[in-house]
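Colleague: The structure that follows is given in the form of structure tokens.
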Amino acid sequence: MNRIFTPKVNGYLFSNAMGFAIIWLSKYLSGPSGNGVLIFSEFTIVPFLIGFISAWFWRNDKIDSMTLVSRCVLTCFIAIMLTVILFAEGIICLVIVSPLVWSFIVAGAFTGRAMFRHNNDTLNVSVVLALLVVFVIDSTSVHHYENMVADKIVINAPVSKVWKNVVAYKRNTSPDKYWLFKMGMPSPVESTTEGYYVGAKRKCIFSNGYVFDEKIVVYQENKNLTFDITEQPRDPEIMGHIDILRGQFLLQDNGNNTTTVIGNSWYRLYVFPVWYYDIWAKSITRNVHLRVMEHIKQISEVK
Amino acid sequence: MLRFVTQYFGFLKAVPGAALVFDAWLRIATLFTHPDVSGYIDSIEREVSGWDNICTGIHKYGGMRFNCAKHELGHIHSNGLLDMLFTREMKKQLMAADDRVTHHHVFKNTGWISFYIKTEADAAYAVNLLKMAYDGYKVKESVSACN
């Protein structure tokens, strides 16, 4: 048995077991009121603790920094695989989360390595307890974050022609340019509407068949199309972690047979820390905008 | 990168743990860009840790700190940047003797110096600098013990 449970293996095993036990406990305690929110501690404190605990098991190993970082890579990989199995997360989610988790595991492992050299148990236990206190406070706090992304494009076509394509547009068959779309993240390909009036239902169809149900809330011909998202798919990929709340196209007639189109989207994030995930959310939303607006530009500029 | 971050995001060092995490990013980036540097840092650590009364720890702004009793000899950020405190006179001499020794990357008008460890020779020179500071403290200690 001792041959299997060497300090090296224990470092991988027990650190991850502890990490996932904490996450499970937090989900259990928060219950349905958690609303699927993944708090910042789950991506920062827990990986830090995983690295820290690993370093405790490896404290007597004479390993250099490169080996420790490599072990952190494997620890991170195990954590990611456990996330796939236990929480059914999608691959793109994991691509997004990996750099964050890995860097905190590395930070935890090197902090642990430096601290465990001194055999100061009081300090070591204090650090773990302090991190757990932060985790509990974070778990019991309210997490709510909404933001908006705006993009602009100039189309060489009159506003009346652009407007038609803004409200509904035919299928976009051009290849994706954004790397996450190329990796398999669904991209918008088509939009349909049942009518040109406030209250009309609109659908935004994505490349994998997902449909966002929308309702037009502002309809000012050639000027403003605003729609609320009434239903969106729940998917293990990124879509479970962000809700698009509202979309808007503002058109400005430039007077020279060109039209400026401004695309706005409002979204709510369910994953924290915001300083990390909002970068991704903005990037993805921006690329959704660009794909739609470039398609509108392309079909509007056809003579 | 370190210079950019300390210049524009230096205020974040007040956030608990932020410096540790930044140093981890620095370490990861250095492993990809200058893989030998982490080996040099390890060898310096091994060498210096063997001296009497030396203990290593985490520096509050990230990196590894070398202490002689309660005095900090210096600290190495994970990109191989060694920061040390000397007297202004000693700093002037060191900078005149070797142009690899520069003003501290943040505190220019102080006795702090910065020294980038990029090669094996730099690592050896870094050990010399730390030894210089170490010997300085030992002399001070013996003088205060005599008094």
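Note that Cβ sites are derived from N, Cα and C of the backbone, with glycine treated the same way.
Pasting the feature list from TrEMBL:
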TRANSMEM  A:12-30  transmembrane segment
TRANSMEM  A:36-56  transmembrane segment
TRANSMEM  A:68-88  transmembrane segment
TRANSMEM  A:94-116  transmembrane segment
TRANSMEM  A:123-142  transmembrane segment
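Tell me what's around each of these sites.
Modeller: Remote same-chain residues near the transmembrane segment (A:12-30) are listed as 5, 39, 41-42, 46-47, 49-54, 57, 71, 74-75, 78-79, 82, 86, 132, 135, 139 (criterion: CB distance under 8 Å, separation of at least six residues from the stretch ends).
Proximity of distant same-chain residues to the transmembrane segment (A:94-116), defined by a Cβ-Cβ separation under 8 Å and at least 6 residues beyond the stretch ends, is recorded for 43-44, 47-56, 58-59, 65, 68-69, 71-73, 75-76, 79-80, 83-84, 123-124, 127, 180, 183, 238, 276-277, 280.
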Colleague: Under 8 Å between C-beta atoms and at least six residues away from its ends: which parts of the chain pack against the transmembrane segment (A:123-142)?
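Modeller: Distal contacts: 22, 26, 29-30, 39-41, 45-46, 48-49, 52, 56, 111, 115-116.
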